[in-house]
Amino acid sequence: MADLVPVLTIDGPSGVGKGTVSKIVAARLGWHYLDSGALYRAVAVAADWAAVDVSDTTALVKCAFDTCVNFAECADGEMRVLVNSIDATDVLRMETTGVLASTIASISEVRATLKKRQQMFRRTPGLVADGRDMGTVIFPDAKYKVFLTAKAEERAQRRYKQLMKKGVSVMFGALLEEIRARDARDACRSVAPLKPADDALLIDSTCMEVDEVVAQVLALVTD
């Protein structure tokens with residue numbers, strides 16, 4: 001039964017390293033990996049492609065229900081995301097997509113539509129799920145829960161370096177402002193607000209290297 005499959009949830013705000021840590025931990029454990037944020041971004045992309053008005057809840061819910069999302073791992077280990085059979089990986093990573101996804105994620109009907117789809121990722125031998133409400137809403141019965149945090153300034157700096165490395169010109173101040181705004185939206189929304197589960201291990205990654213965070217998370221599961 002799916003309920004017997006172990007789940008490790010890793011929640012936290014944007015830019016704390018959830019995705020990087022989750023992928024490494026999943027690979028080390030040999031478990032499946034769920035990037036819940038990619039699902040919301042995929043719906044955001046599909047809605048944008050279909051010119052859906054973000055104020056039209058009915059249309060957005062239909063879009064969330066109809067959008068086909070597939071994850072394909074390349075030979076180099078990179079995960080590509082296909083939205084309605086089109087590789088949308090690069091579009092999903094754009095800042096504008098993240099902003100739209102955050103707006104869409106605040107709609108309760110959309111979250112309800114995607115909830116069951118996320119829960120279907122729970123398969124043997126185990127699942128590492130990263131997002132914002134994995135441990136509080138999607139998998140409240142998860143055996144292992146982690147909540148990652150980091151100061152907004154540090155998260156903005158990490159994102160700034162990522163974008164500069166890709167040749168994308170961006171203002172640090174604008175990035176910091178957007179991260180703070182997204183934090184506020186995620187924490188204050190009426191449905192599934194961003195917060196740690198009562199039984200989650202809290203890890204502040206502000207001054208930590210990725211391998212240090214990975215070690216703490218793995219210790220939670222293996223010790």
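Note: Cβ is positioned from N, Cα and C throughout, glycine not excepted.
Long-range C-beta contacts of K18 (ATP binding site), restricted to its own chain and to partners at least six residues apart, with a cutoff below 8 Å, comprise I10, D11, G12, D130, G131, L148. Annotated ATP binding site per Swiss-Prot: G12, P13, S14, G15, V16, G17, K18, G19, T20, in sequence order.
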**Prompt:** Applying the rule Cβ within 8 Å of the centroid of the Cβ atoms of G12, P13, S14, G15, V16, G17, K18, G19, T20, what extra residues of the same chain belong around the ATP site?
**Reply:** V21, D130, L148, A150, R155, S205
**Asked** Looking only at Cβ atoms, how many others are within 10 Å of the one on G12 (ATP binding site)?
**Response** 26
**In three-state DSSP terms, the structure that S14 (ATP binding site) belongs to** = coil
